[in-house]
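Pulled from TrEMBL:
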DOMAIN    3-57  domain 'Acetyl-coenzyme A synthetase N-terminal'
DOMAIN    66-444  domain 'AMP-dependent synthetase/ligase'
DOMAIN    509-588  domain 'AMP-binding enzyme C-terminal'
Amino acid sequence: MSYIAEYQRSMNDPEGFWRKQAEDLDWFRFPQQTLTRDADGVGYWFADGEMNTAYMALDHHVKNGRGGQLALIYDSPVTGTKAKYTYAELTDAVARTAGMLADLGVVKGDRVIIYMPMIPEAVISMLAVARLGAIHSVVFGGFAPPELALRIDDAKPKVILTASCGIEVKRIIEYKPLIDKAFELAKHKPQSCVIFQRPQANAALTAGRDHDWAALQAKAKPVGCTPVKGSDPLYILYTSGTTGKPKGVVRENGGHAVALKYSMSAIYDMKPGEVFWASSDVGWVVGHSYIVYGPLLHGCTTVVYEGKPIMTPDAGALWRVCAEYGVKALFTAPTAFRAVKKEDPQALLMKPYDLSKLLTIFSAGERLDPPTEAWLTEVSGKPVIDHWWQTETGWAITANLRGVEPMPVKSGSSTMPVPGFDIQILDENGHEVGRGTQGYIALKLPLPPSCLNRVWGDDNKFRDGYLSMFHGYYATGDGGYIDQDGYVFVMGRVDDVINVAGHRLSTGEIEEVIATHPAVAECAVIARDDDLKGQVPMGLVVLKSGATMDEAVLQKELVTRVRDAIGAITCYKDTVVLARLPKTRSGKTLRKTLCNIVNGKPYTVPSTIDDSGVIPEIIETLRSKQFVA
Ligand code: COA
Ligand code: AMP
């Protein structure tokens, strides 16, 4: 099958195309409705099918002879631990954990927050929640208590599952104080919190609220899978938008399972029994889709890695894991490869390893910059495949379909639309632009299976946030172009979302934190280009009149505030005090202009600027602090 034929089939007969893919899964009742649409053109897939995602990902394989095959490999250089689970063992662990949650009163539709490091129990927890037909919301362990509290208040979980600590290279991060703080900040009070005690830190339990994971497990009985509808939510995953408050992307069971199963063969060219490694974190969408659900739905072995690409212990870590477990496809973010390249430019640490089983390296999370791609291709000798996606879609929008027809790689492009995605480049009035012209990347409705069709608790947020910009389209928030050959080039966000080391953050949210400082009158947070992390946030602040503050002290205080409010992953470091910010006459701060100035890019000053003298003044200040040449 050629890529074009596959893609055209998905466009000409979407229902037939996806019904066929749905046949590859083990439903309790096969869906009669493949696709329904509402008045806005939003699609709902497999709504009346009956299923359970954990059943499809585990029990189904055990019933079909894969019980003895490895499902999950845990490799933790930070604790010196390794463990392996067969499909039968993982199914048992999940069934017992589901029993533990049922004992705590969790039933279908309840929410459970999972705040855990990269340990098998994180994956087991997700699948156990799914087994009960409940809805999980995983919160990345690097988020600070206020972020956790926001998610508690929005998702209103009955239970929180956590661990006593995470480990950042050698630093032990105790979770209990973070959980306590989040409980204190949140208005909603979850009924219980279950803590998995790790040998590196023991959490003192809060009476009446906290439970010891091992003690509950010892009493729990394994439970079966609760049937859910295809349209029932499997999970909520919060992601940064343009406002200060993260959005809860809702993922439905049916479309998610169908799209991920299809992607494992079509995009990643994986066969059941092979080893797939997404070196990410279960707190991100990549972790949900390709550490947990995709590989297991497809009967593959997945790797849960608790470590970094460098420092644990060195820049050979990725290659060591690939060789040790015979990984066929490796998937991580460009920033990880940039870190490896910086530490080991000649890839000497790759040499000791037999990487003959590793056939393809996939990259996503941010644009794969051509120098990193060229380096990785050269040192690995493997195809390096960029693919573009978002939390909202749950899988790739553009990719090189390695399992359908491998296409030539074009540097800087994430290749072509994945079947089901109708990608258009639009101008600001919603008109299609020609090939080679940059514009807003929009997806024509209905979106294919797995993509969001609502935001948790706020339908207006979905419609206003994604559908109102262009009638009949989902606005991705990314800009880019399609070249003459149909290759898509995603060039970056067109809104106030930034990407720091593959982590999606909102500049608006950082601004809100900075604005709480008593000396700050107003601020603009912009993304500064960074060789390692792609982008890092930088704060341009104006002090309150009469406020005098040592800049170094202010900088330190703002760093602490941002770390405490959002998390260290924000990588907020630089603050520059300005006399004023450039604004339009209607009071809008010219963030894009500031961003281009700081990054040495050509910039325009709109004719609506309030005072044309402000830009030279800012450039002078930035120059004096060596932020611009
Ligand atoms: N819990 C607590 N803190 C965390 C954390 C977690 N789960 N993850 C990161 N942090 C902290 C780090 O310890 C660091 O703190 P510090 O400023 O006190 O040193 C800070 O957040 C920044 O972390 P990070 O961006 O990971 O920087 P790093 O210097 O520790 O590592 C890389 C650099 C490139 C190795 C790392 O960013 C990386 O592996 N990136 C790949 C990201 C990725 O896989 N993204 C998934 C998308 S597919
Ligand atoms: P997240 O929702 O965290 O996965 O972040 C999604 C955003 O990351 C997208 O909107 C893009 O801005 C960026 N992104 C992810 N993958 C790519 C890619 N391959 N190329 C360019 N940008 C990407």
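Every residue gets a Cβ built from N, Cα and C, even glycine.
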**Study point:** Helix, strand and coil residues within the domain 'AMP-binding enzyme C-terminal' (509-588) as assigned by DSSP
**Key:** 24 helix, 27 strand, 29 coil
Exercise for review: By DSSP assignment, list the helix, strand and coil residue numbers for the domain 'Acetyl-coenzyme A synthetase N-terminal' (3-57), in that order.
Suggested key: 24 helix, 9 strand, 22 coil
**Study point:** Mean of the pLDDT scores, which run from 0 to 100, over the domain 'Acetyl-coenzyme A synthetase N-terminal' (3-57)
**Key:** 98
